[in-house]
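To start, I am sharing the structure in question, which I have written as structure tokens.
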Amino acid sequence: MERDCDIVDLDQPSLGTVISIKDGSTPTDISTTSSTTEDKLCSGCGCLIKDRYIYRVMEDSYHESCLRCSCCQLSLSSFKKCFSRHGNIYCEHDHQMLYGKRCRRCMTLLLPTDIVHRVHFMYYHAQCFSCCSCQRPFNLGDEYHVFDGEVFCRNDYQSICNFQTISNPDPLMEEVVRSEIHRKTPKRPRTILNAQQRRQFKTAFERSSKPSRKVREQLANETGLSVRVVQVWFQNQRAKIKKLNKKDSDSGDTFKHGPGSEGRSTEDIRSSDDEEESVINLDADEVETSETSSYTDPIQKLYNMTSSQIYFPYHS
């Protein structure tokens, strides 16, 4: 966490050197010597230099016509200084364009006369130093935070941390948090219960599967969750119990639908399940994924039917 920012003048010798020359780029003075004393090979064309004068750049020798910028092919014989990088020769302008420092926000070149803000390895124009999310400019003394290579104000950084704590407790899921920073549409929150909260919910469910509002509010205060989350959990739990009971009833050998039997039909049970399922899916908070009704084997259903339910056509 950074609590203030550094203002750096690129005219200073320390940063002036960094901006104009870095990573092997070496400014060299171009000197000329007489070629009468010894023969030299041109580093540009590879031919023997027989001219009256030899142009030297560091340890290399050039013809006057061969000493050119590798980018724009400008003749450097009339310049007092050039730049060498990875065996290539550049004029000052092209070297700045290719290897000069750039503003992190607008990506334009930083000039030696610019006043810039430096944050770790990043550089910003004074007018470009602002929050990546809300675009609010920073002033001297303002608190800012660096996350994923971007600068955020305190409020936006707190929002990112809260989102990471609620939706992604696992630090290995940091990539998901990064993608959510630039989302335009909000994502539905998902509540994950810990072991203590699950035990409290199960204990309350054993007492009553449909607790009153007062009990739900008390349970919400004890667990630190909202009343709506508590209500959704009980709805999901009742739906699961109902499904398991229905599955056991369909697979049991003693369960039979006689002419005088009481109870709801299969259509009534499916309709009730669909109704409760719709209530769960319309909630804004998701506690656990609700399960759909199980599939009943038609052969097993036929096996459980009594003879009075099976129609035998009369044959004369």
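Every residue gets a Cβ built from N, Cα and C, even glycine.
Okay, so Swiss-Prot annotates it like this:
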DNA_BIND  186-245  DNA-binding region
COMPBIAS  246-256  compositional bias 'Basic and acidic residues'
COMPBIAS  273-289  compositional bias 'Acidic residues'
DOMAIN    40-101  domain 'LIM zinc-binding 1'
DOMAIN    102-163  domain 'LIM zinc-binding 2'
REGION    244-297  region 'Disordered'
Determine how many residues of the domain 'LIM zinc-binding 1' (40-101) DSSP places in helix, in strand and in coil.
8 helix, 22 strand, 32 coil
What are the DSSP helix/strand/coil residue counts across the DNA-binding region (186-245)?
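Per DSSP, the residues of the DNA-binding region (186-245) fall into 43 helix, 1 strand, 16 coil.
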Count the residues of the domain 'LIM zinc-binding 2' (102-163) that DSSP assigns to helix (H, G, I), to strand (E, B) and to coil, and report the three numbers in that order.
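Here the numbers are 10 helix, 21 strand, 31 coil.
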What mean pLDDT score does the DNA-binding region (186-245) have in the model?
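Computed over the DNA-binding region (186-245), the mean pLDDT is 83 on the 0 to 100 scale.
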